[in-house]
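Report on the following structure.
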Amino acid sequence: MRLSWINRSLLLIAWTVSSSAGAAESQPAEPRGSFCAEACGNSLAKVPFTDADPELTPEENRCSSRLHLQSMYLCLGLHCDVEIRLDALRDLNQTCQSNTGLTLPPYNIVSGFTDDEISHLPRVNTTSSGQGPVYDEPVLPTPYLYTVWFKTLDALTYVHFHHAFYGLAMTMFWIVVCAVGAFYRALAHYEARQSRRLGPQSWTRRWLKRHVLTPAAFGQVCTRDIGGWGTIPSRAQTLAISLFVALNIGCTVHGYKIFPGNIYFPTETRQILRYVSDRTGIISFANFPLIWLFGMRNNVVIWITGWDFGTFNKFHRWVARVATVQAVIHSVGYTILIFKEWLIIVADGGWSYFVWWLSLMFFWTGELATIFMCALLILSVYWLRRHYYEAFLLIHIVLSILMLITMLGHVSIFGGEYDVFVWVPVFIWVLDRVIRVSRIFLFNVRVWNTKAMATFNPAANIVRLEVPISSKGHKAKPGTYYYLSILNDTKFWESHPFTVASTTLGLPSFEGDERAALLASEESSLDDGPDTRQIMTFLIRPYDGFTARMRDAAAAESPKPALLRLAVDGPYGETLPLHFFDNILFIVGGSGIVVPMTYSRSLAQDSFSDDESVHMPRRVSIHWSVREAGFVSDTVKQDFEADLNSANINTHVYFTGDCGPDGPIENRDDQYKISWSRERLDAPAAVREAARALVGDASLAVVACGPAAMADSTRQTTVEQMGLYENRIEYFEESFQW
């Protein structure tokens with residue numbers, strides 16, 4: 001039959017990548033090796049002999065027929081080395097004893113055969129029973145039959161080894177990637193321990209940060225989405241993902257021995273389809289634990305590497321995409337095999353044979369699993385995650401459960417060999433939920449009594465959420481974030497992350513003692529009363545969904561604060577090592593001010609006036625682009641007032657609202673050290689100015705948190721400055737992407 005272009009392409013890939021084809025052609029006519037005994041046994045298994053007992057099973061006859069055993073012994077003597085022959089006879093004897101209770105005769109039953117007699121013995125060349133004569137003397141397989149069986153067994157073992165090895169390679173790859181991240185993190189910690197400040201770095205480190213670790217993958221786009229379809233990972237992330245994709249491609253097309261005449265799969269096309277289908281199925285399934293691990297917020301590799309959740313979320317999506325493509329290839333390959341080497345839909349036997357396969361549980365569950373994986377991929381597009389996250393999450397969970405159930409049915413024919421790839425994801429998912437619940441109870445064992453006060457300022461378009469910390473041992477560190485759920489909300493199950501803006505001791509001032517009364521828990525575990533507890537403040541920009549309902553709840557009680565009962569899951573994230581730098585530049589937009597706000601207390605000069613062991617940044621510059629003057633006024637008076645007059649902190653506000661700033665802030669520049677501008681924030685110019693101002697070996701940390709375009713331009717300019725100055729310049733981006 002004439003091969004189609006797809007058949008020819010498959011053949012070309014397999015024969016090009018695998019070196020086995022040429023090796024198979026160059027093998028001797030009758031190869032010797034570890035497969036010789038099995039090749040002899042398979043070559044003679046279907047040969048009928050006159051001394052066979054029709055009342056016995058074929059296996060029993062192979063253990064009792066003297067003619068069959070003589071044929072087997074002679075074949076072993078011709079094709080196997082002594083050591084292999086002895087091992088084969090011992091294994092064969094154990095098999096006969098355990099399965100039939102028969103013991104094999106000694107090898108000397110063939111000692112009387114001369115070389116001439118052996119050369120004149122009949123040669124058989126069949127793999128089917130019931131064909132040819134019934135023999136009354138020992139026989140030997142033809143050189144062709146023996147060789148084909150040997151090569152078939154050799155190829156099958158070779159391919160199965162690569163199936164298992166390449167499945168394991170998926171996990172090994174990410175172990176190496178995470179090990180590199182852990183090593184880099186350990187090196188950074190070691191450098192920090194050696195000195196109170198970060199000095200100059202080597203040319204190699206500067207080159208890596210400028211060309212690999214910091215820049216966008218292509219051009220300047222990294223945080224911005226591409227037409228609503230998704231974002232492009234950073235260059236380092238893209239490199240890891242690209243290597244993973246390349247590894248999957250290589251593992252899919254390499255590791256086969258293809259040759260004509262294979263006993264199990266006679267044509268090259270069948271061999272390629274079967275081997276590639278098996279390989280892609282195994283690799284796809286082997287990726288399941290990685291998909292679940294990278295998608296969990298309580299992720300051990302996050303703790304080891306120090307990389308943020310967003311990084312592993314990107315890895316999660318790309319591993320899932322690759323696994324889905326592998327699953328599709330697996331399913332399509334087997335479908336083609338069922339249709340007799342190609343899509344013979346009209347020809348007799350095509351559809352009827354396929355329908356018969358669909359009656360088998362392992363087959364239809366596998367087909368469903370692939371469909372669920374494709375549905376997961378399609379329904380996880382960026383637009384849906386961004387605009388309908390809760391719907392996406394529900395669909396994601398339901399389809400994931402269905403996929404695991406159908407995969408368990410699909411691999412049921414292997415007797416539990418592959419069940420681990422189902423139970424490991426289940427274990428990871430359950431463990432993540434257990435840790436989440438544990439964090440919530442550690443924050444406040446009386447979960448329902450975690451009372452927060454929410455106020456909405458229309459002029460600032462910000463919800464201020466103040467959450468008391470019930471546990472004395474709980475410390476909210478700068479830069480960390482918490483997942484909050486509103487228990488007295490209609491959708492109490494929703495959970496969203498928010499960065500801590502500030503922490504204070506006691507209760508901030510409010511009208512009378514109303515806030516103190518509301519925040520105080522009826523069953524407080526603190527002996528000193530509510531005035532000594534630590535309060536976490538979150539500044540939340542309301543959009544839609546969760547934050548919109550929070551805004552509405554706060555606005556409904558205005559001017560009084562609204563009481564919200566929260567489940568607080570955290571903390572997550574890590575504190576940036578900003579205190580090791582001489583100069584710090586914050587480029588923030590809107591509610592991104594919470595990032596410099598959360599670090600301001602630890603970076604203010606007066607915080608370390610009595611502690612000479614701690615390095616103190618010389619200059620902290622905050623460039624804040626904001627639309628609402630009321631937001632600035634509210635934030636300064638309630639959160640920043642204690643730090644704005646620090647000698648090393650300078651704040652620049654770029655007002656982009658419809659009306660100019662008025663009121664107390666603009667008139668009190670001398671008190672609050674705030675410079676106002678009606679121009680748009682030029683982030684690249686601010687980065688260049690900060691780099692030019694570096695003196696000697698001073699270091700600079702650039703921190704961005706704001707609109708995607710602002711973050712991307714800040715990243716790009718920081719990378720450019722890394723190439724212009726030998727000083728240590730590093731870029732940090734604080735953002736959260738679903």
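Cβ coordinates come from backbone N, Cα and C, glycine included.
Because TrEMBL annotations are produced automatically, they should be read as predictions rather than curated entries.
Per TrEMBL, the feature signal peptide maps to 1-26. Annotated transmembrane segment per TrEMBL: 164-187, 239-259, 279-297, 318-339, 351-384, 391-414, in sequence order. Per TrEMBL, the feature domain 'FAD-binding FR-type' maps to 427-578.
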| request: Take the transmembrane segment (391-414) and find every residue of the same chain, 6 or more past its ends, with a Cβ under 8 Å from one of its Cβ atoms. | output: 285, 288, 361-363, 365-366, 368-369, 372-373, 375-376, 379-380, 384-385, 421-422, 425-426, 738
| said: Same chain only, please: residues at least 6 beyond the ends of the transmembrane segment (351-384) with a C-beta under 8 Å from a C-beta of the stretch. Say none if there are none. | reply: 225, 228-231, 317, 320-321, 323-324, 327-328, 330-331, 335, 338-340, 345, 391-392, 395-396, 399-400, 402-403, 406-413
| message | Which residues of the chain, 6 or more past the ends of the transmembrane segment (164-187), have a CB below 8 A from one of its CBs? | response | 240, 243-244, 247-248, 251, 255, 279, 282-283, 285-287, 289-290, 301, 304-307, 315
